[in-house]
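Going by TrEMBL, these are the annotated features:
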| type | residues | note |
| --- | --- | --- |
| DOMAIN | 54-238 | domain 'Peptidase M50' |
| TRANSMEM | 7-30 | transmembrane segment |
| TRANSMEM | 82-102 | transmembrane segment |
| TRANSMEM | 114-137 | transmembrane segment |
| TRANSMEM | 202-220 | transmembrane segment |
| TRANSMEM | 240-260 | transmembrane segment |
| TRANSMEM | 272-290 | transmembrane segment |
| TRANSMEM | 302-319 | transmembrane segment |
| TRANSMEM | 325-342 | transmembrane segment |
| TRANSMEM | 358-379 | transmembrane segment |
Amino acid sequence: MNQQRTLLIQISLFIITLIATTLTGAEWIYGRPFFFGENTLGWHEFLEGFKYSIPFLGVLTIHEFGHYFTAKRHRTEVTLPYYIPLWLGGITSTFGTLGAFIRIKERLQSRVKYFDIGIAGPLAGFVAALFVLWYGFTHLPNLNYVFELFPVFKQYGNDYGKFLETSPDYISIKLGDSLLFNFFEQYVATGELPHPYLYTNYPIIFAGYLSLFFTALNLFPIGQLDGGHILYGLIGDRAFNIVSPILFTGFIFYAGLGFFNAHEFTTQDTEMFLELIAKFAAFIAFNYFCFSKITDNTMTNWLIALSVVSVQLVISYFFPTVEGYSGFLAFGLMIGRFLGVYHPKTYDMKPLTLERKILGWLALIIFVICFSPKPFIIIQNLP
């Protein structure tokens, strides 16, 4: 009975997530919500949203079943995937899902098992993402596609991009650069590329980009992420628990770089200064929460947090235009506070075979070519 109930929950979550990502896909394509404002979306647009949800959820599903079947091959008790829907009714933009996860119902005691199960998902999902991107870039629609979505652009013809870049009426999200995505743009695309501000309106390419983005997040070689399992398998327990907190500290440092600029504190406005101090104190507290489990000593954790913030301020003073990507801060908090920076110890430390080592380093290379330092950039022209 419990198994049937669990299966019903898993199927229901998948269906809800499919609907949520389809709704989200339609909103990304047309730039309008279903329930608010004028000219809301309808059934036709909803069906178009499948062009986003099917490839995106397809890659996500292949990723999760890569983990699942590998766990089964190792005779490990594991659940089917649980999907996490996220659609906010068009109030704000989402991707339709926060991903999916499988639950391993026993503690793994083998370094090889952690490695095999950890690497299978990203490798399978990466191959699927390559196919999605290849299809998207080799089946680009002509310029009329843009004019059908945004009739106001038609009067500008091929110069519509100049209008888009200068008009204060449009808020766009520009996709960041990654080595692999740039490769597809330059060497695979067979038609006219979208304007950089309109990639989110091309559902298959956008789904492929998000697949690379989530592949990179999973392959971060930190803690109990897939990349953490891979690096743990490659370098072992002692080395990993030195390298992982260093990488995590660097990640939080980069994410918060430029969030506050030292020159902001020179304001003569007392009210503004006090407000800035309050926000800065909250930022320091946030950093502490990120590092609160990195050691067993509270004072050491505070010292790390304060050191990171101090160096960020010094850099902002001498290089005021240097910025990281604050969008990564929430992910950093999730790792530091909930997932953990360290890896569970295994008793079977049998070293990896040469074939596994090659795959492991290949997976870390995949992380590098998929990773974008600033994956989503909000563009809003000032009037």
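Note that Cβ sites are derived from N, Cα and C of the backbone, with glycine treated the same way.
A quick note: this is a predicted structure, and the numbers were derived from the prediction, not measured.
Note: the stretches the transmembrane segment (7-30) and the transmembrane segment (325-342) are not in contact (fewer than 3 CB pairs below 8 A, sequence gap of 6 or more). In this chain, the transmembrane segment (272-290) lies close to the transmembrane segment (325-342): three or more C-beta pairs between them fall below 8 angstroms, excluding pairs fewer than 6 positions apart. Long-range contacts of the transmembrane segment (202-220) within the same chain: residues 25, 28-29, 48-49, 51-53, 55-56, 59-60, 63, 95, 99, 121-122, 125-126, 128-129, 132-133, 135-137, 139-141, 175, 178, 180-181, 194, 226-228, 230, 247, 251, 331, 335, 363-364, 366-367, 370-372, 375, each at least 6 residues beyond the stretch ends and with a Cβ under 8 Å from a Cβ of the stretch. For the transmembrane segment (358-379), the neighbouring stretch richest in Cβ pairs under 8 Å, chosen from 82-102, 114-137, 240-260, 302-319, 325-342, is 114-137. Within the chain carrying the transmembrane segment (325-342), a Cβ under 8 angstroms from the stretch's Cβ atoms is held by residues 217, 220, 222-225, 240-241, 244-245, 248, 251-252, 254-256, 258-259, 286, 289-294, 373-376, all 6 or more beyond its ends. Sequence-distant contacts of the transmembrane segment (82-102) (same chain, at least 6 residues past either end, Cβ-Cβ under 8 Å): 9-10, 13-14, 16-17, 19-25, 27-28, 33-36, 52-53, 56-57, 60-61, 63-64, 67-68, 71, 173, 210, 214. Using a Cβ-Cβ cut-off under 8 Å and counting only residues 6 or more beyond its ends in the same chain, the transmembrane segment (302-319) has close neighbours at 249, 252-253, 256-263, 283-284, 287-288, 290-291, 294-295.
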